[in-house]
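J.: What follows is a single structure, and I will ask about it in a moment.
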Amino acid sequence: MKHLHRFFSSDASGGIILIIAAILAMIMANSGATSGWYHDFLETPVQLRVGSLEINKNMLLWINDALMAVFFLLVGLEVKRELMQGSLASLRQAAFPVIAAIGGMIVPALLYLAFNYADPITREGWAIPAATDIAFALGVLALLGSRVPLALKIFLMALAIIDDLGAIIIIALFYTNDLSMASLGVAAVAIAVLAVLNLCGVRRTGVYILVGVVLWTAVLKSGVHATLAGVIVGFFIPLKEKHGRSPAKRLEHVLHPWVAYLILPLFAFANAGVSLQGVTLDGLTSILPLGIIAGLLIGKPLGISLFCWLALRLKLAHLPEGTTYQQIMAVGILCGIGFTMSIFIASLAFGSVDPELINWAKLGILVGSISSAVIGYSWLRVRLRPSV
């Protein structure tokens with residue numbers, strides 16, 4: 001019991017559980033004895049009906065769209081705190097992750113096109129390596145425990161959120177044909193209500209969560225990635241203390257263990273089970289997976305590092321307090337963990353063309369993401385001194 005308490009008290013425990021869940025998913029998805037059970041679990045239908053409103057999704061989509069909205073709510077709360085009171089409080093500090101994210105989307109896409117521009121079919125997947133899986137990137141960072149400066153963690157969070165917002169915009173503009181304007185209208189009204197609640201000084205967290213559920217439902221029905229709702233709600237919950245209590249900080253404290261020990265491991269288990277059946281070396285070295293691997297493993301860190309260097313040289317932004325440029329470069333490598341968002345874009349790009357292309361894209365995403373995780377973790381482990 002003492003050892004168990006010590007483990008869960010460790011800053012690295014959440015990351016360790018997430019990695020174990022991902023490995024378990026890979027084993028189960030590729031084992032003849034368990035692959036059927038694994039996929040049956042993910043395809044289990046779950047229906048929610050309130051009056052005429054009906055949401056009918058399988059277990060995988062409930063995990064990715066609903067539970068991960070809670071994770072993004074927590075991320076929104078943490079980034080807001082740093083924007084208002086912490087390491088992103090000045091304009092130049094806040095500009096740094098924005099500039100980094102822009103570079104981290106442009107360069108991987110260009111590198112992918114360098115491999116695939118001549119093929120009009122695979123060319124459609126240009127946005128695949130532009131995405132970052134914030135959950136897995138933060139999970140790998142968590143393995144380093146307390147040696148990670150808070151400012152570096154917040155930089156990764158802010159960068160990944162902007163990256164995700166960019167990916168959502170790309171999906172809406174280039175990969176979505178049937179956006180529901182009515183649902184987007186409801187979402188806009190819900191956001192306006194959240195803003196009014198904040199301006200009027202309403203401090204009951206439950207009211208924001210209730211409006212957030214309406215917002216989440218509207219965003220889900222609109223065809224846009226529903227997890228965006230979590231970030232928006234997090235930004236509107238009041239941070240300012242009154243009588244020694246802050247609604248945002250209190251909710252952040254409540255959500256942390258649920259996200260670290262339930263939501264993120266479940267997310268990893270549901271999404272890491274990529275089948276390796278039929279994988280050959282010839283297929284792996286074809287232009288589609290090679291373009292994705294190059295985009296994630298080379299394009300991401302190159303784009304982030306280059307744009308950060310330019311921002312510093314032109315005095316457009318400052319390094320986060322207590323961090324070094326080498327640490328920023330290592331975080332850039334971690335951002336090459338594209339995984340679930342990249343897989344989602346691949347399914348949109350190739351789903352109506354050739355299912356086999358999705359499998360090769362998944363393989364490229366898997367190789368690029370795992371390589372980025374291992375190299376990024378190793379570099380940071382060398383660059384970060386253990387806390388005393």
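Keep in mind that glycine also has a Cβ here, set from the backbone N, Cα and C atoms.
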J.: Check whether Swiss-Prot assigns Leu42 and Glu356 to the same side of the membrane.
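T.: Both are annotated on one side of the bilayer.
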J.: With DSSP, how much of the topological domain 'Cytoplasmic' (201-204) is helix, how much strand and how much coil, in residues?
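T.: Split into helix, strand and coil, the topological domain 'Cytoplasmic' (201-204) gives 0 helix, 0 strand, 4 coil.
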J.: Going through 123-130, 205-222, 224-236, 254-272, 340-350 one by one, which has the most CB pairs that fall under 8 Å from the transmembrane segment (59-80)?
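T.: The stretch with the most close Cβ contacts to the transmembrane segment (59-80) is 224-236.
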J.: Please indicate, using numbers and ranges, the residues of the same chain that are 6 or more beyond the transmembrane segment (254-272) and have a C-beta under 8 Å from a C-beta there.
T.: 8, 13-14, 17-26, 29, 42, 59-60, 63-64, 67-68, 70-71, 73-74, 77, 135-136, 139, 142, 339-340, 343
J.: Write out how many residues of the topological domain 'Periplasmic' (117-122) are helix, how many strand and how many coil, based on DSSP.
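T.: For that range the per-state counts are 1 helix, 0 strand, 5 coil.
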J.: Tell me if the transmembrane segment (224-236) touches the transmembrane segment (97-116). I count contact as 3 or more CB pairs below 8 A, with pairs 6 or more residues apart.
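T.: Answer no, regions not in contact.
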J.: Would you say the transmembrane segment (224-236) and the transmembrane segment (123-130) are in contact under the rule of three or more C-beta pairs closer than 8 Å, pairs 6 or more apart in sequence?
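T.: Counting Cβ pairs under 8 Å (6 or more apart in sequence), the transmembrane segment (123-130) does not reach the transmembrane segment (224-236), since there are fewer than 3.
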